[in-house]
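Below is one structure, written out as structure tokens; the observations come after it.
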Amino acid sequence: MTPFSAEEETTDQSTTLSDRTVLSNYDIPSRVFFILMENISYGMIVVAFFGMTGNIFIIITYAKMGFSESINISYCALCISDILCVIAFTWNAICFIPAFTDRDLPFIPGEIVVVTGGSVSDIFSKTTAWITAFISLERCLCVVFPLKVKDIVRPRRTVLIVVTIFALTILPLASITFYIYVFNSKFDTKRNRTLIGVRYRKSSLADALYDVNFIYKVVFMNSIPLVIVFVCSLSMAVHLNRSATWRLQQSGSISLETQDSKAMRKYLKDTRVAKTVLAIATCFLVLESVGTLRLLVSTTWQEFRPMGDYNRSFKVISRLAFLFSLTNSSVNFIIYYNMGSKFRNTVKRMLFFNAQQSPKKR
């Protein structure tokens with residue numbers, strides 16, 4: 001299998017990794033290609049700013065709310081993964097902006113970004129995918145088996161699962177990536193100086209590791225989380241709809257005292273949390289589907305690869321997939337604020353308290 005993946009998204013300024021690039025008369029013209037790559041990169045930086053701010057605010061808010069509930073731990077773990085995604089995607093975008101790449105840098109941005117930008121952002125996006133899958137599964141169990149879930153989902157167990165997700169998504173992908181790609185020095189005749197670049201390690205072990213890494217990402221990192229999120233979201237939606245229909249039919253025989261009971265309040269709380277998770281899962285399924293489809297198409301269509309006849313189309317689609325994945329890591333604050341009453345009230349109290357403290361300090 002010839003090496004290709006999302007992290008090999010390089011522009012024509014890359015000399016080592018793009019020497020084998022074949023240009024097609026049917027591919028995107030060079031000028032249009034660079035305009036698209038630059039503008040999408042600017043869009044990524046704008047989204048990254050709001051994503052970083054929102055995720056930091058989420059962590060602060062849940063720290064105020066406490067971690068007695070396992071779902072709060074999962075939400076914060078998702079935010080940490082999203083922050084790492086945002087940082088990697090931002091660096092990825094910067095390396096495709098001419099104002100940065102045209103500077104007198106000691107390295108080749110189009111090559112360095114393969115490992116430090118593309119691969120790293122790809123790794124953390126897979127971590128986000130698995131944490132989203134875990135949150136969906138956790139809430140699905142809460143909705144379908146409300147009486148047994150306390151014995152299954154506990155805060156300590158949630159921490160252990162989250163740490164395991166980070167380890168199984170980061171360590172294998174990072175170790176293989178940093179083995180098959182090697183940093184090397186090369187002399188640039190245009191700048192008349194030695195620059196740091198990246199090359200693919202040519203060995204049978206590197207080729208074998210690349211194949212294992214590719215299959216690991218396609219099956220374990222892309223497909224399985226999407227299936228889990230889809231199945232759990234569908235199960236939650238069906239169960240919530242049935243439960244709402246049943247309670248509506250029984251509402252005539254339920255007294256006001258019963259409606260205000262502790263059981264009813266717990267039901268309403270679990271329903272709100274489930275709807276929040278459904279919103280997160282829906283955003284994940286929609287926004288991450290572009291990257292998954294691109295990966296599946298590139299496996300069956302050899303011309304649609306970084307070194308194929310339609311390499312520019314592949315790189316533009318990859319950049320759009322990065323933008324969508326970055327958006328998925330940046331929208332959670334909006335979801336939590338609009339759908340979580342406790343989260344919204346905590347944010348309002350924090351802002352109101354800070355607004356009151358500012359005049360006193362003056």
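Placement of Cβ uses the backbone N, Cα and C atoms for every residue, glycine included.
Automatic prediction, not curation, is the source of TrEMBL annotations.
Taken straight from TrEMBL:
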type: DOMAIN; residues: 54-336; note: domain 'G-protein coupled receptors family 1 profile'
type: TRANSMEM; residues: 40-63; note: transmembrane segment
type: TRANSMEM; residues: 75-100; note: transmembrane segment
type: TRANSMEM; residues: 129-147; note: transmembrane segment
type: TRANSMEM; residues: 159-182; note: transmembrane segment
type: TRANSMEM; residues: 214-238; note: transmembrane segment
type: TRANSMEM; residues: 273-296; note: transmembrane segment
type: TRANSMEM; residues: 316-339; note: transmembrane segment
Stretch contact, the transmembrane segment (214-238) with the transmembrane segment (316-339), Cβ-Cβ under 8 Å, 3+ pairs: no
Per Cβ pairs under 8 Å, the stretch of 40-63, 129-147, 316-339 packing most closely against the transmembrane segment (159-182): 129-147
Chain residues outside the transmembrane segment (273-296) and at least six past its termini with a C-beta under 8 angstroms from it: 5-6, 71, 78, 125, 129, 132, 135-136, 139, 142-143, 217-218, 222-223, 226, 229-230, 232-233, 236-237, 240, 314, 317-318, 320-322, 324-325, 327-328, 331-332, 335-336, 339-340
Surrounding residues of the transmembrane segment (40-63) on its own chain - C-beta under 8 Å, 6+ positions past either end: 72, 75-76, 79-80, 82-83, 86-87, 89-90, 92-94, 96-97, 316, 319-320, 322-323, 326-327, 329-334, 336, 343, 346-347, 350
Distal contacts, the transmembrane segment (75-100) - CB-CB under 8 A, six or more residues away: 11, 37-38, 40-42, 44-45, 48, 51-52, 55-56, 58-59, 62-63, 67, 109-110, 112-113, 116-118, 120-121, 123-125, 127-128, 131-132, 135, 162, 165-166, 280, 319, 322, 325-326, 329-330, 332, 336
Chain residues in Cβ proximity to the transmembrane segment (129-147) (below 8 Å; excluding those fewer than six residues from its ends, i.e. six or more beyond): 70-71, 74-75, 77-78, 81, 153, 158, 161-162, 165, 168-169, 221-222, 224-226, 228-229, 232-233, 235-236, 239-240, 243, 270, 273-274, 277, 280-281, 284, 288
Confidence summary for the domain 'G-protein coupled receptors family 1 profile' (54-336), mean pLDDT rounded: 82
